[in-house]
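S.K.: Attaching a single structure in structure tokens format; questions to follow.
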Amino acid sequence: MPCEGCMERDNMSTGATMDFLLLGFSELLRLRVLLFLILLIVHLVTLAGNMMIFMAVVMEPSRPPMLFFLCQLSAIELCYTLVIVPKALLSLVVVDGSTISFLGCAAQMHLFVALGGAECFLLTAMSYDRYMAICQPLRYAAVMSEGLCLRLALTCGLGAFAVALGLTAAVFRLPFCQSRRINHYFCDVPAVLHLACTQSYTPELPLLAACVLLLLLPFLLILASYVCIAVALLHITSSVGRGKAFSTCISHLAITLLHYGCATFIYIRPKSSYSPARDKAVSLVYTTVTPLMYPLIYSLRNKEIRGILRKMLRRKKIAQVN
């Protein structure tokens, strides 16, 4: 049955011309300037950090699998922040919120979900790399070839793109109420679903399926990898060897916990528990703070990254002297 107060979208032209209003942080009138400056600085530092790691790995002639995956992760984070943060900065400049078109909102949601899903899959590939390095070191070089790494990276991107496309199509086929005010700073799935004029839980099923494919299955695979790693570490008699083996996993574990912790809190829950203020606060963490932490964690914990960055800085100094 058609819901009362819903916006009818019987043809493509109606939907294509419909606009949404992103309220952003309109309730924080007195903190706008401070929040804008903090968000801008964090965004610039995030771009610089991820770009530095990306360029450092690309310029390195010999790249082990973990560095190859780290390069892909930095590229994802660069795109991830560029999709979300500029619109968030704009919402802090415009007092009454910023408008976004129907197609623009759908495109932003699709890119956001696709990039986040690709990151989930990539973290799974990185856990498999750690499993091979620790549990089967003699076969590591033969199995983790450049061809396999390329296939894994391509599968991560295409798989996440397909799941995100299905979820976005399912969300934007719903009838939306006359109130098109999205109480968020970007077109996040729960915020847009909150505008749907439906009383059933049917619209949440595509989101549930996407969470299973993008969050639950990759997390179970990562968990299985680390269970095997833990068993292998128990068989290492030397505490020094055990510590060295485990230290190669700390960076990946920290990033996995950050990513899955925030994503699980936002997406794996019923529509009835939706809270705009809480969601915006958590979203601000995983769209701005978390991408900033990734290059810091890897540059501090990974010896290979530190070595590459030192070589890059030496080359820059030599070039300046010449």
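Placed from the backbone N, Cα and C atoms, the Cβ positions cover glycine too.
Features from TrEMBL:
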{"type": "TRANSMEM", "residues": "33-59", "note": "transmembrane segment"}
{"type": "DOMAIN", "residues": "49-298", "note": "domain 'G-protein coupled receptors family 1 profile'"}
{"type": "TRANSMEM", "residues": "66-89", "note": "transmembrane segment"}
{"type": "TRANSMEM", "residues": "109-128", "note": "transmembrane segment"}
{"type": "TRANSMEM", "residues": "148-172", "note": "transmembrane segment"}
{"type": "TRANSMEM", "residues": "207-234", "note": "transmembrane segment"}
{"type": "TRANSMEM", "residues": "246-269", "note": "transmembrane segment"}
{"type": "TRANSMEM", "residues": "281-300", "note": "transmembrane segment"}
S.K.: Using Cβ atoms and a strict cutoff of less than 8 Å, what residues sit near the transmembrane segment (246-269) while being 6 or more residues removed from its termini?
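M.R.: Beyond its ends, the transmembrane segment (246-269) has Cβ neighbours at 73, 116, 119-120, 123, 126-127, 130, 133-134, 188-190, 207, 211, 215, 219, 222, 226, 229, 233, 279, 282-283, 285-286, 290, 293-294, 297-298, 301-302.
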S.K.: Short question: most Cβ pairs under 8 Å with the transmembrane segment (109-128), which of 66-89, 148-172, 207-234, 281-300?
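M.R.: Of the candidates 66-89, 148-172, 207-234, 281-300, 148-172 scores highest.
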S.K.: Should the transmembrane segment (66-89) and the transmembrane segment (207-234) be scored as in contact, given a threshold of at least 3 Cβ pairs under 8 Å and pairs 6 or more apart?
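M.R.: Counting Cβ pairs under 8 Å (6 or more apart in sequence), the transmembrane segment (66-89) does not reach the transmembrane segment (207-234), since there are fewer than 3.
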S.K.: Within the same chain, where does the transmembrane segment (148-172) have neighbours whose Cβ lies under 8 angstroms from its own Cβ atoms, ignoring anything closer than 6 residues to its ends? I mean 6 or more beyond.
M.R.: 15, 65, 68-69, 72, 102, 105-106, 109-111, 113-118, 120-122, 124-125, 128, 189, 192-193, 196, 203, 206-207, 209-210, 213-214
